[in-house]
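Features of the protein shown, as given by Swiss-Prot:
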- 1-26: signal peptide (SIGNAL)
- 30-76: domain 'PSI' (DOMAIN)
- C31-C49: disulfide bond (DISULFID)
- C39-C461: disulfide bond (DISULFID)
- C474-C486: disulfide bond (DISULFID)
- C512-C527: disulfide bond (DISULFID)
- C534-C547: disulfide bond (DISULFID)
- C549-C570: disulfide bond (DISULFID)
- C554-C568: disulfide bond (DISULFID)
- C601-C612: disulfide bond (DISULFID)
- C614-C624: disulfide bond (DISULFID)
- C627-C630: disulfide bond (DISULFID)
- C640-C661: disulfide bond (DISULFID)
- C643-C657: disulfide bond (DISULFID)
- 719-741: transmembrane segment (TRANSMEM)
- 742-788: topological domain 'Cytoplasmic' (TOPO_DOM)
- Y773: phosphotyrosine (MOD_RES)
- Y785: phosphotyrosine (MOD_RES)
Amino acid sequence: MRARPRPRPLWATVLALGALAGVGVGGPNICTTRGVSSCQQCLAVSPMCAWCSDEALPLGSPRCDLKENLLKDNCAPESIEFPVSEARVLEDRPLSDKGSGDSSQVTQVSPQRIALRLRPDDSKNFSIQVRQVEDYPVDIYYLMDLSYSMKDDLWSIQNLGTKLATQMRKLTSNLRIGFGAFVDKPVSPYMYISPPEALENPCYDMKTTCLPMFGYKHVLTLTDQVTRFNEEVKKQSVSRNRDAPEGGFDAIMQATVCDEKIGWRNDASHLLVFTTDAKTHIALDGRLAGIVQPNDGQCHVGSDNHYSASTTMDYPSLGLMTEKLSQKNINLIFAVTENVVNLYQNYSELIPGTTVGVLSMDSSNVLQLIVDAYGKIRSKVELEVRDLPEELSLSFNATCLNNEVIPGLKSCMGLKIGDTVSFSIEAKVRGCPQEKEKSFTIKPVGFKDSLIVQVTFDCDCACQAQAEPNSHRCNNGNGTFECGVCRCGPGWLGSQCECSEEDYRPSQQDECSPREGQPVCSQRGECLCGQCVCHSSDFGKITGKYCECDDFSCVRYKGEMCSGHGQCSCGDCLCDSDWTGYYCNCTTRTDTCMSSNGLLCSGRGKCECGSCVCIQPGSYGDTCEKCPTCPDACTFKKECVECKKFDRGALHDENTCNRYCRDEIESVKELKDTGKDAVNCTYKNEDDCVVRFQYYEDSSGKSILYVVEEPECPKGPDILVVLLSVMGAILLIGLAALLIWKLLITIHDRKEFAKFEEERARAKWDTANNPLYKEATSTFTNITYRGT
């Protein structure tokens, strides 16, 4: 049967519908077409196949068939082998509310033990709940770079213990802190070896004294006496190394694995604070000093509290560090200066449970950095799986806040202390391992609590226990009677082992060919007693009445038969559930195409074979989530900022924030240039304030929203300024009016005066006596006077 597309079932009914798709719905019955000859082979065909061991089964009826078909053929119900997969809870202590009191009795994961019984190609669902309990004990180990460049930082943290205890005791009543220091391997070329005095005082040429160089030293075991932290820090002095990178990874490894020296408690959150202003050496760098022995991940801190293997063992690799940090349930905090923050950000993407903070040049902000990092760690729950058998595959669905089910996710963010989240897990088995019982562990990163899953691979039939060797039912002892059929011994054939290979007759050849003229046993077997005995092959199994089928002639895709997602039957691929295509290379699942905003391919493409094909111009990324030129690039992220940062907006009102917004929110004072893939966005909120943020996705695929802490809001009016302004305006207006009035009067007077002057200039008066004027004297002439 050629592989063909099958409709994708709902995740809750994958088992039933997926099985039916291969056993008779719209196609041949796979149980009867695989040519199986034993109960064990029948169970491996499909989860829907059953085997009948009833001796009274009518002749010609298949023993491997659907259960309902076997019952129709009058197979006794007690003779039907049909194991059913199941999940049983073995241990289920209730989740705790608080971590105070006896911390060994605190439970943050439920259930604690589960037993799975799975038959081949079957799956089973189970769930796990996780709660971040309140007032949980905390261990903080402060690991400091004591190279010369950190001299001012050492002075800044002399009172850190008291301040840290004051802040952290707002979150937990059970705090312990410790201290350790590192520089680098005390061997050339990492240290100064000449002149001789440089060995005792590496700062000889700087007119000062510092400690001889050391790799790592443990200073203070975890203690609740915070004043001792201050005292021990004040006793420390810096040293000096020759090259720029430090030996911090050596220190991290020893602080992680030396449980007894450090004092890590089993029932506490473990924080390892790593502070430096420089790069760090990694695995294989030790070869510069001729150190070729790989790091063994063991504790080598001696009675003097110094790392004794510093000069004989290479630096640890990131993989080894990740393994040990996970085993010890330690959350690593990189507190590094801005010049190296990008490097340690890349490291954190490879180490689960790690956070990065920017350390000021004098470490003055380390207190707030630790508190913020602890809050970030406690706001996230992420599951990790250990020792998963290769025959098993797991798929996750997360139920975070507000009972929102998010398919394909095994982490929840934005949590508060006391919140409870759950995860639905589907375990599916392929094949039958030699070891029938195995176990694996599921645990939240950084938690001591875990879920242990015990798996039993149900590949055998119960009737095999009643097998009769050399049974009289098999032609007087020529075979073993097992599960209703004879398993013939060497040299015997037939349904009852009645035919010997030595009894050869030429007429039997015709019974070994499907049609006249066709090759006997398809040229891949011998005809004995009228039955084909198929040849063995190094490539796989040859089966069928005429040896016409095999399980190795199917097409290969990327070097794997049927892409590793199906079984080869008679040259055709029979695809597993959730897979289709001629090569079984196309998944029908769409959760891999689900973007962080809850839309298929971010609404910019279509999902084909489990991958997004971006349609909208300018969009790219695994889920078409990146599209700087798209008009909605900032629009949707704006809603996430409003919801997750400011607890408002449409998504907040609809309680769908965690479903659609899986971004990590980080508050910053100002936006920085994080590369060409970063998208800067700006919008006005309901208060008419301008909010600026940056959308960035790092190399691991984690989406981060950097939001400026304080929105730029228009300032309200200053009453005093307004009052003075009004009064000033009134005075100015009055003064201006007076000035204008005075100006107008002056202009008018000048005009009148000019007119007067003009008229006076035009006036021309004749000389004459005033007719009204009378002189003071009057002269009269006496006409009678004649004079003498």
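Each position is counted from 1, following the chain as shown.
Using N, Cα and C of the backbone, Cβ positions are placed for all residues, glycine too.
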| message | Using CB atoms and a 10 A radius, I'd like the single residue among the disulfide-bonded residues C534, C554 with the highest neighbour count. | response | C554
| query | Just checking, which of C486, C570, C614, C640, C661 (disulfide-bonded residues) has the fewest C-beta atoms within 10 Å of its C-beta? | reply | C570
| How many whole Å apart are the CA atoms of C31 (disulfide bond) and Y785 (phosphotyrosine)? | 186
| field | Using Cα positions only, nearest of the recorded positions to C661 (disulfide bond) (C461, C474, C549, Y785) | value | C461
| task | Measuring CA to CA, name the entry from the recorded positions C570, C601, C612, Y773 that ends up nearest C527 (disulfide bond). | result | C570
| query | Counting only other Cβ atoms and using a 10 Å cut-off, which of the disulfide-bonded residues C31, C549, C627, C643 scores lowest? | reply | C627
| request: According to DSSP, folded down to helix, strand and coil, what is C627 (disulfide bond)? | output: coil
| By CA distance, which of the recorded positions (C512, C534, C624, Y785) lies nearest to C612 (disulfide bond)? | C624
| query | What is the nearest of the disulfide-bonded residues C39, C486, C512, C614, C657 to C627 (disulfide bond), using the Cα of each? | reply | C614
| Per DSSP, what is the residue tally for the domain 'PSI' (30-76) in helix, strand and coil? | 17 helix, 7 strand, 23 coil
| request: Round to a whole number and give the Cα-to-Cα distance in Å for the pair C547 (disulfide bond) and C657 (disulfide bond). | output: 60
| note | disulfide-bonded residues C512, C601, C657 vs C534 (disulfide bond), shortest C-alpha separation belongs to C512
| query | Out of C49, C601, C643, C657, the disulfide-bonded residues in the record, which is closest to C568 (disulfide bond) when you go by Cα distance? | reply | C49
| query | Once the chains shown are all counted, how many other Cβ atoms turn up within 10 Å of the Cβ of C512 (disulfide bond)? | reply | 23
| message | Rounded to a whole angstrom, what is the C-alpha distance between C486 (disulfide bond) and C643 (disulfide bond)? | response | 69
| request: Filter the disulfide-bonded residues C461, C549, C601 down to those whose C-alpha lies within 10 angstroms of the C-alpha of C657 (disulfide bond); answer none if the list is empty. | output: none
